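Per Swiss-Prot, these features apply:
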- Cys46: active site, cysteine sulfenic acid (-SOH) intermediate (ACT_SITE)
- Cys46-Cys51: disulfide bond (DISULFID)
- 4-156: domain 'Thioredoxin' (DOMAIN)
Amino acid sequence: MNPLKAGDIAPKFSLPDQDGEQVNLTDFQGQRVLVYFYPKAMTPGCTVQACGLRDNMDELKKAGVDVLGISTDKPEKLSRFAEKELLNFTLLSDEDHQVCEQFGVWGEKSFMGKTYDGIHRISFLIDADGKIEHVFDDFKTSNHHDVVLNWLKEHA
C-alpha cells in the first residue's frame, strides 16, 4: 500500500453515489474537496466519523470544502446509511476498489487475528486545481473532523 502524497495530482474518477447517480471528481474543479475513504457503512467507527463530518459541515463549507466519502459498499447500502444518519454530503460506491487502489488506500489489514485486504482510513484534501493539498492519515474516527478543521484553520 502506497498512499498518494501532498503535491500529487488526484486521480480523476467517476463513481455512483448513494442515489445511483454518477459523480465525477472533475465536477468539483475550482473547489476544494475532502475525499475520505472509510471501510464500511453502518459500522460503529465509520458512523462516528461520518456524523462528525455531518455535524461540522457548516464549518467545512465556510472553509470552502466539499466532502465525498468513498467505500466499497453498494449504492443501496450507502443510501440507507445516509438516510439513517441524516448525512449532508455525498457517499460514493467503489465496489471494485479501483479508486481506492488509485489513491493507494487499498491494502492488507488485520483484525482479530485475521488478515485481509480492505480500505485504510485515509483522507485527502484536494485543491481547486485537482492537486492533493494534504493527506490526513493520523486521527481517530471521533476526532477526524477536528483534525481536518484545525489543519484548515492553520493553513487559511
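Backbone N, Cα and C define each Cβ position, glycine as well.
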Model confidence over the domain 'Thioredoxin' (4-156), averaged pLDDT:
97
Reduced to three states, what secondary structure does DSSP give Cys46 (active site, cysteine sulfenic acid (-SOH) intermediate)?
helix
State the three-class DSSP label for Cys51 (disulfide bond), counting H, G and I as helix, E and B as strand, and everything else as coil.
helix
